[in-house]
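These features come from TrEMBL:
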{"type": "REGION", "residues": "1-20", "note": "region 'Disordered'"}
{"type": "COMPBIAS", "residues": "7-16", "note": "compositional bias 'Basic and acidic residues'"}
{"type": "BINDING", "residues": "HIS114, ASP116", "note": "Fe cation binding site"}
{"type": "BINDING", "residues": "CYS121, CYS124, CYS161, CYS164", "note": "Zn(2+) binding site"}
Amino acid sequence: MTFRTPSDTDHPEHTHQHGAAAHSVAYQLLEAIRHCEQRGTRLTPIRQHVLTLLLESGRSLKAYELLEAMKQLYPQAKPPTVYRALDFLVEEGLIHRLDAVNAWTACQDVSGHHHDLLIVCTRCGKVAELSAPLISHQLQDMIQAAGFIQTTSETELRAMCTNCSQKQDETPAAP
């Protein structure tokens with residue numbers, strides 16, 4: 001199983017860097033632009049701004065949170081502007097749509113390494129990307145055995161991150 005967060009160090013399973021510099025927003029934007037150029041698409045300024053907001057946030061964001069942030073640079077921005085950018089970024093594999101929390105998060109690895117499990121903190125929106133082919137295949141077999149067909153390539157798991165769990169444990173009980 002391969003675990004990915006922006007702070008991982010280099011490891012042999014991949015051919016790309018995982019150091020802090022490799023995951024700076026500027027580096028990830030350049031990688032996203034290259035990715036789009038290779039696919040014959042274009043990362044327009046609005047799409048780039050939405051991606052930047054997601055990369056800088058360090059967590060998942062809802063569409064209206066993105067819209068409010070967009071209005072600082074694009075005062076006339078409307079919901080369709082954000083949704084069109086989000087649709088494009090999902091299609092290009094640059095972000096993930098998180099149905100569990102009705103939000104989006106930047107893919108931390110735009111070089112194409114597939115992450116089939118997304119763990120979403122339902123409290124703060126933090127997301128961890130996992131690559132666990134064995135678990136994914138077992139899950140797919142179980143889904144088929146139950147008479148269903150998996151319709152997405154990613155599985156979302158709702159959880160609580162360690163920070164939120166510790167904060168919850170530290171909260172005094174009401175009298």
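Note that Cβ sites are derived from N, Cα and C of the backbone, with glycine treated the same way.
Any TrEMBL annotation is an automated prediction that lacks curation.
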Q: By CA-CA distance, flag whichever of CYS124, CYS161, CYS164 among the binding-site residues is nearest to ASP116 (Fe cation binding site).
A: CYS161
Q: Could you tally the C-beta atoms, other than its own, that fall within 10 angstroms of the C-beta of CYS124 (Zn(2+) binding site)?
A: 15
Q.
Return the count of C-beta atoms lying within 10 angstroms of the C-beta of CYS164 (Zn(2+) binding site), excluding that atom itself.
A. 16
Q.
Which secondary structure state does DSSP assign to CYS164 (Zn(2+) binding site), in the simple three-class scheme?
A. helix
Q. Looking at Cβ-Cβ distances, which residues of the chain lie under 8 angstroms from CYS121 (Zn(2+) binding site) while being 6 or more apart from it?
A. ARG59, VAL127, ALA159, MET160, CYS161, CYS164
(Q) Let me check the 10 A CB neighbour count of ASP116 (Fe cation binding site). How many other CB atoms are there? (A) 18
Q: Please classify the secondary structure at CYS124 (Zn(2+) binding site) using three-state DSSP.
A: coil
**Q.** Shell of the Zn(2+) site beyond CYS121, CYS124, CYS161, CYS164, same chain only (C-beta within 8 angstroms of their C-beta centre)
**A.** THR122, ARG123, GLY125, LYS126, MET160, THR162, ASN163, SER165
Q.
At a 10 Å cut-off from the C-beta of CYS161 (Zn(2+) binding site), count the other C-beta atoms across all protein chains.
A. 19
